[in-house]
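What Swiss-Prot records for this protein:
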TRANSIT   1-13  transit peptide
MOTIF     43-73  motif 'Q motif'
DOMAIN    85-293  domain 'Helicase ATP-binding'
BINDING   98, 99, 100, 101, 102, 103, 104, 105  ATP binding site
MOTIF     242-245  motif 'DEAD box'
DOMAIN    334-551  domain 'Helicase C-terminal'
REGION    504-527  region 'Disordered'
């Protein structure tokens with residue numbers, strides 16, 4: 001059962017001083033060790049003795065000469081050791097840590113599929129094997145994600161990787177009810193959010209908790225249309241917690257451990273892009289995690305670093321003090337800059353560039369998208385309770401997401417970004433009339449909150465990420481900025497309200513109670529600035545009108 005007490009320094013805001021050594025958190029335990037370059041060197045997919053079907057899928061995705069990323073090398077090497085294959089279920093406890101866009105999803109999916117295939121009992125079991133199999137689902141592995149969007153993307157990718165291996169994969173976020181749908185009996189891999197797994201395990205919230213959740217989210221995206229208790233944890237061999245720094249963070253911590261408590265005994269893999277002090281402390285002091293052997297840490301040499309080709313552009317506030325107007329102006333300048341570069345490089349026939357704008361609240365998403373609308377910049381506003389957030393599918397969001405596929409299996413074209421009959425206009429002109437949106441088929445600007453900053457792999461056409469307000473700390477900055485410049489591609493992150501030294505703009509200084517800024521110091525800096533320079537690569541400061549001030 002989950003412990004009753006929250007461990008000390010469980011979250012970042014409890015007043016406990018965070019000590020960093022070589023960019024890694026050292027409180028309250030000695031600093032963890034990053035792998036060296038030799039340990040994490042690129043290797044071919046044939047080097048590890050992986051299942052033949054998995055190697056075939058990897059080569060189909062990344063080419064016959066494709067090689068592993070550092071975290072993939074570390075993970076594949078560890079999980080294919082002979083003693084790992086023969087180890088009893090429940091003995092494997094591994095923490096995978098790597099920078100954004102570095103192949104973390106592959107680093108846990110491939111070893112998971114490799115072991116599931118090696119121990120595959122054969123075709124899906126029948127009711128003669130499980131007395132209640134006609135009514136319940138018995139997964140062999142569970143993958144937990146923080147959002148339905150990430151669950152759907154991971155499900156799609158998992159099905160691609162298992163195309164030549166014939167393992168069964170089921171994603172709960174791809175069903176209208178957010179449950180197991182018609183699936184019964186056995187399934188090799190079950191993917192879902194913590195909330196979905198709680199419901200399917202038959203765990204319920206109190207009426208007070210449910211009312212609070214409804215109030216926070218505005219509405220329930222997933223109605224209780226499917227009976228609870230449809231999943232049994234008795235056959236689970238592996239559990240993966242994707243985005244572990246989120247699911248073991250303050251908001252999801254108790255729910256995540258309550259899901260883990262439904263599994264009798266299973267190997268556990270944690271995957272994360274950041275390693276904050278509270279996560280280290282949780283794994284080394286919490287009774288739920290310390291009752292077994294300590295976690296093995298497989299950490300990429302690039303952990304806590306931004307993508308190497310990512311340019312950070314700090315925008316000085318304009319004299320008008322209209323930050324949202326500055327954002328709209330920078331959107332136009334950025335799209336024009338991308339179009340000019342595409343023409344110069346002969347890429348005019350490629351998919352036009354796109355921008356993702358991160359805000360700190362649903363209200364700010366509404367404000368920014370409204371200003372963009374008045375400037376005739378069409379955008380997709382995406383929030384937890386937004387009208388375009390659909391059950392069972394990503395809908396308009398697919399325009400901005402990566403669409404992987406095997407050769408000869410082209411993915412379907414994304415749905416049109418606007419469906420005039422259903423989509424509510426997000427702005428009106430000065431006369432109170434609504435522009436005709438029926439002619440718009442693709443939007444190039446996405447405005448959202450941190451809902452989409454964790455784990456999602458955006459399409460290569462997403463060239464830029466805008467941060468309208470400073471994130472609460474450097475780790476949040478890494479998550480949001482890392483949505484661009486992924487997989488070795490060039491990109492930029494455009495930051496408003498704070499410069500590279502952590503100094504806030506005048507408007508932000510006057511708003512000392514603003515969310516997401518971190519503690520304001522006497523010199524006008526936030527805690528973010530203390531370590532921001534450690535993660536930045538190429539950077540520049542630009543005036544509100546687009547003139548470069550310095551690099």
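Note that Cβ sites are derived from N, Cα and C of the backbone, with glycine treated the same way.
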Sequence-distant neighbours of residue 99 (ATP binding site) in its chain (C-beta under 8 A, six or more apart): 273, 300, 302, 303, 304, 305, 306, 307, 478, 482
Average pLDDT across the motif 'DEAD box' (242-245), rounded to a whole number: 94
Environment of 98, 99, 100, 101, 102, 103, 104, 105, the listed ATP site - residues of the same chain whose CB lies within 8 A of the CB centroid: 69, 71, 107, 273, 300, 486
Cβ atoms near residue 101 (ATP binding site) (within 10 Å, other residues, all chains): 23
Spatial neighbours, same chain, of residue 102 (ATP binding site) - Cβ under 8 Å, 6+ residues apart: 69, 70, 71, 300, 302
Distant-in-sequence Cβ neighbours of residue 105 (ATP binding site), under 8 Å, six or more positions away: 154, 157, 242, 271, 455, 457
Neighbouring C-beta atoms (10 Å sphere around the C-beta of residue 100 (ATP binding site)): 25
